[in-house]
Amino acid sequence: KCTTAVHQLICWDFCRAAHGRFAQKLMKDLFTNCTNALRPVEDTDYIINVTLQATLSQIIDMDERNQILTTYLWVRQVWMDAFLTWKKEDYDGLDTIRIPSSYVWRPDIVLYNSADDEFSSSMETNVVLRNDGQVMWDQPAITKSSCSVDVAFFPFDVQQCDLTFGSWTHNGNQMDLFNADLADFVPNVEWEVLGMPAKKNVILYGCCSEPYPDITFSLHLKRRASFYIFNLLIPCMMISFLAPLGFYLPADSGEKVSLGVTVLLALTVFQLLVAESMPPSESIPLIGKYYIATMTMVTASTALTIFIMNIHHCGGEARPVPEWAERFILKYLARICFVYEVGENCLGGARKEPLSQEGSDSPSANGGSTKGANWDVNGKAWGGKVEVECLCQHQELGKNVEYIANSYQDQRAAQLRIGEWRKVAKVMDRFFMWLFFIMVFFMSILILGKSV
């Protein structure tokens, strides 16, 4: 009497040994005049029903570029064999045996959309044979199937890959298929399995008049985007935020254009990394659109930087700032962009013209000296020849003073124009810096909003 666990194990070994003798006898009785080449039905007009079940064990690889899905499946096929039945009372209550699958007839069910070159990815396993003729065949298989990958929303995409199983030679009048859903999914690192529903289809092909049934398992996958967010999106966003800072660099530093070109080259490298893993199709990935938009923005910022630097380096020979630019940029836009420290005193000095009085006083001084000389002549203080020489020297000295005053005034006006143009350039720098910061921020929010 088996009371403890050890005793039960020993009793079970004895029972298996007893069943072994009857299993040998059963094998001889069943397969003496049996063949596995024909369908196991008593009448050729009968239809054999095969129940097909598939469990996704692992997603090995998803090759987006070649559009091939590699999966590890557990496939179960169940059917009734009319010639492999026995009474278990005749064999000491033996109701099931496990034999090699090559001993029995097996349905020629294949993967229709297979992309495997060898077609030998399945394993030869045993079948479980019951006394009522039911045959159950559990078979692990590594399948490579073609899958139409839509990368429009990469890396926040959801894919649907179909696995279509059906008989290669038996039509619906000879063998019928039934499906049973199994929900045992093993978690995957890159893909989240949303479901694997099965659907039966009956298709009439152009080559044959008989219907051919098949079972299509639709594998719904959602990509886990964390890897791509931390390795592709966040570095791109950080690089993108460097592009507006090029407007903040001083124009005399000589690195404004270099920064824009460096950022553009870095974004090009990330764009190439994405392009290498995507299939060549008309559908542009979402992350690719983000890179293109960012590269366009960086290109525009670099072009604007060159234009603003040209304004900054306007020399003294440049024309004065137009009145509309002075009103809109130097007054209105400068207050919005908080630019007050550069050029304010220069603009005020340009309107005062402090040197105009100096220039006007010099002729009067010259005239005063002439009048003084005439007074001296009338007063007979100097001689005639000395008076003429002194008068000529005073006139030449007055012209030199007037020339120096005019030159200083022109130089002062040129400096005022240079200061005004530099302030225009700085206001434009600050305006475009904030504008591009806002653009980068909203682009980053939009791309990250797809992951929620």
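Here, residue 1 is simply the first one shown, and the rest follow in order.
Cβ atoms here come from the backbone N, Cα and C positions, even for glycine.
Bear in mind that TrEMBL entries carry predicted annotations, made automatically and left uncurated.
Straight from TrEMBL, the features:
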- 357-372: compositional bias 'Polar residues' (COMPBIAS)
- 24-224: domain 'Neurotransmitter-gated ion-channel ligand-binding' (DOMAIN)
- 353-373: region 'Disordered' (REGION)
- 227-251: transmembrane segment (TRANSMEM)
- 257-278: transmembrane segment (TRANSMEM)
- 290-311: transmembrane segment (TRANSMEM)
- 431-449: transmembrane segment (TRANSMEM)
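Counting Cβ pairs under 8 Å to the transmembrane segment (290-311), the stretch among 227-251, 257-278, 431-449 with the most such contacts is 257-278. For the transmembrane segment (227-251), the residues of the chain that approach it from at least six positions outside its boundaries are 154-155, 190, 257, 259-260, 263, 266-267, 270, 273-274, 287, 290-291, 294, 297-298, 301-302, 304-305, 308-309, 312-313, 422, 425, 429-430, 432-434, 436-437, 440, 443-444, 447-448, 451, judged by C-beta separation under 8 angstroms. The average pLDDT computed over the domain 'Neurotransmitter-gated ion-channel ligand-binding' (24-224) stands at 86.
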